[in-house]
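Please read the structure below before turning to the comments.
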Amino acid sequence: MNGTSTPPAITIPREILSLRDLEAKCLETMAPMVRDYLYDGAEEGHTIRENLEVWNRWLVVPRMMRDTSAVDLTPRTNQFNRSWSLPLGIAPSAMQQLAHPSGEKATAAAARSMNIPFGLSTFSNYTIEEVKDSGGDSVVGLQMYLLQGRRDLNLELVKRAEAAGYKAIVLTVDSPVPGNRPGLIKSNFVMPKHMRFRNFSEDFGGPLDQAQDTQFNDPSSVTAVEAGSAIASEPTRTQDQATKSRGNQLIVDPSINWERDMKWLRENTSLEIWVKGILHPLDAEEAIAHGASGIMVSNHGGRQLDTCVSALDALPAIVEQVSGRVPVHLDGGIRRGGDIFKALALGADFVWIGRPVWWGLEVAGEEGVRWVIQTLKREFEVVMKLMGCRKVGEIEREMVIPKTALMSMGSSY
Ligand SMILES: Cc1cc2nc3c(=O)[nH]c(=O)nc-3n(C[C@H](O)[C@H](O)[C@H](O)COP(=O)(O)O)c2cc1C
Ligand SMILES: CC(C)CC(=O)C(=O)O
């Protein structure tokens, strides 16, 4: 489908106006264990909160009387060799069947109908090929965790992504080990039995079992958990499953490093290689030096390292360092059209969302995800008009100002 066709009408209740309203609706039905997985942040959740609060520390300074009767929301430059309807994409998140039976297929179809890009997690519940069929040209990236001792499996995934027509491998570099995630442990998280990591032929246990098994030292105390609507009647984590997952488990390689692993990827694929999880300008430099086609500034939705810097605060120094050599994208805490505007003003070429997609999936599957995208699009369009910008290229750095600077400068911007 091309970007100009009209997506199907949406039937989300009229009283749901913002992503926050949708989130509240989602939480009425979401199973407690799924909620704990979705919301889980590292340790005390400071970074999760920071990811949401940082947007309000930047204020916008609008320009007037610029005839914004029509605005063009397409990104300043093509990304993944394509023009998109918005500078917004759907970030990879694992196990989307937890939120809706059609999982990643529904998300990819929604992305396609809105002409925005989608990244598929290594640990998806539908295959590389199934999701590509559903999302077409919108399915651009396969997110990759390099697996300990199993480069054979990684290579197979890379080759399948190439054959299916993906444009990029998105290497996640912020997760040499799973973060300390208390929510997972408290809820004894386990993927329900009817779901599988379908990119792998065997019934492997996933890396979150690893997190639980190492953080939860006494496996004999693993008990069943209460499961709500989406996974009601599913057997929950049992001693059997815990043991099985330990015996046959995919573990993210903790020895991942620039030299060996970027070289390995470059030698094994003709696809673009994007690096996801950069927060330091010198790591952006490393990524470029090792052949990255693009950089994703991200703290993994606050799920890995607590008290680490937000992507928005890390962005300006990275943009300066990269200085236009490769595109710089960002994710983390984007919930309003104005957030997209601020990220672009601070130098991002493109932004991605994670959790809001799950709110859409839980409430109305593909339609719910489309609603999320349409809502952000509508909000972004209004913000653009109010800011006096007719196209994305007119967003300027001076249009955002940190609250703290304003306090010391008075009104002398
Ligand atoms: C439930 C969930 C699962 C995720 N799974 C992955 C994953 O498999 N690979 C990955 O690189 N990032 C994963 N992420 C991180 C997202 O790609 C993204 O960085 C983050 O969600 C952005 O923040 P936001 O949720 O505030 O929008 C996951 C995030 C969530 C919430
Ligand atoms: C299967 C997990 C390791 C996916 C992930 O990255 C996450 O839950 O944040």
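Just so it is clear, glycine is given a Cβ too, placed from its N, Cα and C backbone atoms.
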Of Arg112, Arg181, Arg266, Arg336, which does TrEMBL put in the glyoxylate site with Tyr37, Tyr145, His300, Arg303?
Arg181
Of Tyr37, Tyr145, Arg181, His300, Arg303, i.e. the binding-site residues, those within 10 Å of Asp331 (FMN binding site) when Cα atoms are compared:
His300
Mind computing the max CA-CA distance among Tyr37, Tyr145, Arg181, His300, Arg303, which the record assigns to glyoxylate binding, rounded to whole Å?
19
Which binding-site residues out of Ala94, Tyr145, Arg181, Lys276, Asp331, Arg335 lie by ligand 2, going by a Cβ under 6 Å?
Ala94
Distance check against Lys276 (FMN binding site) for the binding-site residues Tyr37, His300, Arg303, keeping those with Cα within 10 Å:
His300
Taking only the binding-site residues Gln143, Arg181, His300, Arg335, which have a CB closer than 6 angstroms to any atom that belongs to ligand 1?
Gln143, His300
